[in-house]
Amino acid sequence: VFVEGHSITFELFGVPRHGGRLPFFPTQPGWISGVYQTGVRSEDITIPEAVIKLLSGEIKPPATVVLHTYQACDIEDAPTFIEGFGWRAKPMPHDKTRDSTGDVAEADGYQPGVIMRKHVEGRDGTCRVGGCGKPAFLSQLDHRHNWAEGGPTHPKNLACLCQGHHNMKTDGSLKYLLDPYSGDVIWLYEDGTWTITEADGPLAPKQKRWAQTVAQHITATRKRVREDAQHLKQELDDYAQQQAKTKAEAKDESKTNADAGSDDIPF
């Protein structure tokens, strides 16, 4: 069996017998494991024979459905986010649970494990390019700082990108910065403009997403800070006025009492 990209060619006794294109990489560990479990162990045949029989439909692997869901653990009867469906008001029964509130350990190699992948998908929600609604679970994980250049395989260095945008990032058409704590992504464009996208997955700090220029973001932040400062100043001014009024009333009352005590006794 020869695999190159998405193409696969079978060769029996040195003679090519079949060629085709597959919508996946047959070298992925999960696929190889399925071939081994379904063909080699259950059918007692070789791996090449198992591959051919599986692709031809002669044997079929057992169906195993894994549905990933997300639910807040600190809120009673919290709604459940179902991968590929969305939010569901009522909790769902489950077989296994994982705590996603803590930090995920860095992977030793290039490929992230299932837990890490689901953590990033749960944070991002969709492809992180503004306006792209490709679901995160159908996207690819991109190393913001390339792994070959020392970038870690860790959620703080991973972002969900659809295949098209992943290709653009790989060839240099797209560049971005990833905030490792908030999950915000700052996109840098060739014309000098910047945009910010916020993660909108069920694990995101804020479950909403918008894109805006860096200038707009800074302006909005300054406006919010200025409004907060003005509100605080108003509260301090009101407090000072109230204190002054209280002191003045106390002074007037003290003077009134003093005047009343100095009146002559009428007998």
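Each Cβ is built from the backbone N, Cα and C atoms, and glycine gets one as well.
Caution: TrEMBL annotation is automatic and unverified by curators.
Among the features that TrEMBL reports, domain 'HNH nuclease' is placed at 115-167. The region 'Disordered' annotation in TrEMBL covers 225-267. The compositional bias 'Basic and acidic residues' annotation in TrEMBL covers 225-236, 246-256.
Note: the compositional bias 'Basic and acidic residues' (246-256) comprises 11 helix, 0 strand, 0 coil (DSSP; helix = H, G, I, strand = E, B). Computed over the domain 'HNH nuclease' (115-167), the whole-number mean pLDDT of the model equals 94. Helix, strand and coil counts under DSSP for the domain 'HNH nuclease' (115-167) come to 24 helix, 11 strand, 18 coil.
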